[in-house]
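Worksheet for the structure shown next.
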Amino acid sequence: MNISNIKIMLLGSGELGKEFIIAAQRLGIHTIVVDRYKNAPAMQVAHESYVIDMLNSDALEQLILAKNPTYIVPEIEAINTDSLVKLEAHNFNIIPCAKAAKLTMDRQGIRALAAQQLNLQTSKFAFANSEQEYLDVIQSIGLPFVIKPVMSSSGKGQSIVKEHNEIKKAWDYAQNGSRGHAKGVIVEQFIDFDYEITLLTVRHKDGTSFCDPIGHIQKDGDYRFSWQPHTMPDTALAKSQEIAKEITDALGGYGVFGVELFIKGDEVFFNEVSPRPHDTGMVTLISQNINEFELHLRAIVGLPIPDIQTLQPSASAAILLEGDTANASICGIDKALADANVDIRIFGKKEIHGKRRMGVVLAKAQNTHIALETSKQALAHIHLTK
């Protein structure tokens, strides 16, 4: 295989994309990245970068036709997936495939596949496209419930509603967090689960491989901490792998899929799936012999996927900072790195207006509890320059 002739175009240039591009660069692959704003994280390490509205079909198709990449790799949901379907029909290689990109761009498509076609166990749910429909479905779902925009990312617009006086506020919050013109929401029965995991699932030319389960803590619908491995009963792990394989086989294509699952005893509930590396999987930058970004790249281009190993218990902590500046300066990294078991990735985002994830702390230890505490201690040192 001559990988030096491969040309990868990444649609979206965030922090996950940056690590993916670094993995490609290390193997001598030509990289092109695209996003809606200049100097996005992945643009800082790619050979070429372009700024376009990826929801604009003409702009997206013109750029792809002009650059003629070997592989087109979506990193975000805010892409015109109808264009991807069209381009795939003209023999462009969409990762993992246009069907997966289109189905997972909104929660309605993927939930219909999981619950209705595959009969996977999920929470009780309903969709609503207006405030009145929302009020109606609440009657059947009951309190407490979770509301999420049909189209959103990074937890935007998600909330848990426990009291009647929170119902209106949650609807408004979902509308403000919705992406594009979509106003629909999914209302889900709240499952009092024991824990939630991400099961990184790798579809490749030789079959399907799994990483050890990743435990994580979410706040306001967004990842804050993750750790690997998450200890769980063999029965629940086997069921989790079965569900992950079933949903990823239905989506098809090659690459890493982040399968989110709720676990209650030996019961496993499907939550969501993303056809790309997962933010909770950033812990694999320190925990595994091959991290999730390298796995994604290998699966895409057809390189071998050997035995995936967790080298040591590890944890990650999102560096979520708050401020209002166009030139963010981060302090405390020296103190955080004083611990030999800590590493840090700063994403290279300059602007921050409100709260923004600016980096990640990585820590390793003899067990995940200590690794998590170590990551939190290092995180406490990091702040914006005043």
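Cβ coordinates are placed from backbone N, Cα and C, and glycine is handled just like the others.
For the N(1)-(5-phospho-beta-D-ribosyl)glycinamide site, Swiss-Prot gives E15, L16, D279, K349, R356, R357; the one candidate out of E75, E77, E88, E196 that the record lists there too is E75. Put simply, of the binding-site residues R107, E196, E272, the one whose Cα is nearest the Cα of E15 (N(1)-(5-phospho-beta-D-ribosyl)glycinamide binding site) is E272. When averaged over the domain 'ATP-grasp' (112-301), pLDDT in the model lands at 94.
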